[in-house]
Amino acid sequence: MEGSSQSGRERSENSRGLNSSGVVDRNSRLCYDSGFSDVNCLKDQQDRRTIGNNSSSSKDVSLRHWLDNPERNVDVLECLHIFTQIVEIVNLAHTQGIVVHNVRPSCFVMSSFNRVAFIESASCSDSGSDSCEDGLNSSSSPLPIESGIVSDSSCLQSSSGHMVQTLEANKNRQVEEKKHTFPMKQILHLETNWYNSPEEVDGAPGTCASDIYRLGVLLFELFCTFNSSDEKIATMSCLRHRVLPPQLLLKWPKEASFCLWLLHPEPSSRPKMGELLESEFLRTPRHDLEEREAAIELREKIDEQELLLEFLLLIQQRKQEAVENLQEIVSFVSSDIEEAFKMQTTLKIKGGSSLEPAKRLNPRRTDITEDDDSESSGSRKRFRLGTGEESDGHQDESQKPERQIEYKGSILAKSSRLMKNFRKLETAYFMTRRRVVKTMDKSTSRRCQTSTECRSSGTATERSSLSNLSSKRGCKEDGQSGFINSYLEGLCKYFSFSKLEVKADLRQGDLLNSSNLVCSLGFDRDGEFFATAGVNKKIKVFEYNSILNADRDIHYPVAEMANRSKLSSICWNGYIKSQLASSNFEGVVQVWDVTRSQLFMEMREHEKRVWSVDFSVADPTMLASGSDDGSVKLWNINQGVSVGTIKTKANVCCVQFPVDSGRALAFGSADHKIYYYDLRNSKLPLCTLVGHNKTVSYVKFIDSTTLVSASTDNTIKLWDLSSCTSRVLDSPLQSYTGHMNVKNFVGLSVADGYIATGSETNEVVIYHKAFPMPALSFKFNSTDPLSGDEVDDSAQFISSVCWRGQSSTLVAANSMGNIKLLEMA
């Protein structure tokens, strides 16, 4: 009966009118409104829960379900205990001048300890007289009941005649009722008629005497069991005429006599509530009932203690897990510290006497190195030494070498950035460290499996066992030192630069042109020239050094090539220096000879706008393009036609060849995914990268197996293609956040582990692949065409970025057409 139990629990917690937990005056209280005496919800102050070895129902159950259980056996003390609790509830209402009306089994629930709770509010009169007239204008006739759920009016009517809604029963209750022997829908429908007093049937309003009659019907049901619904209905109909079953008269004569007293047709002949409470029927078993009550209270206390014990054990378990996790963290942090000390000592030994000139040249720097072997407080001491807060030297600040002052400033800047980003650096450290541990565990597991196979075949020897042990230790040490070196390299690169500086502004003569958005930038093979292309339908090529060194009002391109349509992308050939590919909004792919400023080749196989083109570095005759028509086309520039096509279901926004291969290709799509293909088998992707929530706008290879993707979901993600074992990769190595990109294509470029991207806040943002937060950023300010002053224009965004080879210099452009050469410093 879980459904009904759950329903009873919900109603008992939310809409109780009268409530009892055995001793009513301890757990119940009455409240009334000033307009009319209405019994509001009274909260049960004890949490009824299950004791594991208790054979009773595990949850609250409706008294109606409990009574109609065909397997129920009559226990005198149990029935009297239940009846006494209900009498006390009704008496509590009567002392407040309230007629309960709903003294019916469907309006009570029982806990596993036979605690009875009233789960409905009740109407009552404002009369305090013994008659307790409630002023009801209508009788409590039942409404149709659906699926065995008690109707709103079957339990209660308000003083104005309107129905007071009750909580909906749980759907599971319907399932339970279908399994029940008695048809609950029919029983509940008839229950109201069974419990109506004779005067109420004649149309008179209900009084306190009517509640006494209902208590008589309830007592009868407690001591009388039935084998079928027909028998129950027939017997309950006879009860109105005070005809009791013979078996009840024979087995329970005292209880039958008491029922007849309560069921007297004349209200005045029924006992008052005081007489009922003082009657011998309820006073005689008082001692037994008190013992039962004490036993129940003891069981409840034991139950509460079990709940407390369970709670404490759960806390202990969780804290123990936290301790174990913390111990594991401290363990591998300690091992990393030990490994770092070992590496440092090795470097010192290798350096030997070469440290002496360094001491003479920069004594402060050497002090810092020597202090590295101190305890944990040494890190703070080294910082103070480096910053000059503690020093044994007596040299005046004005006499310090300039390089020492610069070093001091560098330490201060790095420490400030370190503490500002400490949490993120820590998170990145643990994420990377756990990946190393997992990799080492997998490797160890494979070796263990191999070792087991060897032992099972009988070929393992003592020497091979020692060799395996040695290889395990060596692999662990190599993996650990490899991780330290990798993390240290990332940390050093993250702190190598502190800002982005403007090396030059590219000033063009058409700044006032409203259609000057730069969609693509690119450096040639040697970094001597860079090209720009965008919605002005022109490809402009500039010489890097002349822009960097010349202080001119206007910079003119060394080559300019006009197009019939807006340009979306450009890419230089990595082998043929003067060759440049472009794509436009009409779906045309073109190859240009920059030296002659002439069109070399034009390919028109795409049906819609082409977003991206890319030359293969490994095979400079191979060109790829991605289009809104959902296709990626592969071109051979010696043939002038496509040599392969990959069809997809969504727009293709970017394409990229790996650095070292012309046989693989990655592209990003509007379906939020990145596809990696082996071009020798282009029917199915070799790997599908899933993790972005919006269109993938750019993909770039850091190396042959590491890929960076950008999306308009505000993130950049780092992927390890070597970890793709099942054609789908849904776990990026890193997710970079700190820029804003929800609408536009803002550019992406990678070089030497640094990732440059634009932002819709008109900023250039630099990440390092090791850490998820920005390392550097630079805000573009718009130039007022009249005054020449820079103004902050938040409506603009960075539209393209490109590194100059593997250097620390990049070129960036925004949506206004402003182009700047920036350098990390």
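Any Cβ shown, glycine's included, is placed from N, Cα and C.
Curation plays no part in TrEMBL annotations; they are all automatic predictions.
Taken from TrEMBL, the feature compositional bias 'Basic and acidic residues' covers 391-406.
The annotation compositional bias 'Polar residues' is assigned in TrEMBL to 446-471.
The average per-residue pLDDT of the prediction over the domain 'Protein kinase' (1-282) is 66, rounded to a whole number. The annotation domain 'Protein kinase' is assigned in TrEMBL to 1-282.
Residues or ranges marked as region 'Disordered' in TrEMBL: 1-25 (among others).
For 354-407 (among others), the entry in TrEMBL reads region 'Disordered'.
What TrEMBL lists as region 'Disordered' is 441-477 (among others).
Sequence-remote contacts of a segment are chain residues at least 6 beyond its ends whose Cβ falls under 8 Å from one of its Cβ atoms, and for the repeat 'WD' (603-645) they are 568-576, 579, 581-591, 651-662, 665, 667, 679, 682. The repeat 'WD' annotation in TrEMBL covers 603-645 (among others).
Away from its own ends, the repeat 'WD' (689-723) comes close to residues 651, 653-661, 666-670, 672-676, 729-737, 739-750, 753, 755, 757, 767, 769 of its chain (Cβ-Cβ under 8 Å, at least six residues beyond either end). The repeat 'WD' annotation in TrEMBL covers 689-723 (among others).
Across the repeat 'WD' (689-723), DSSP classifies residues as 3 helix, 19 strand, 13 coil.
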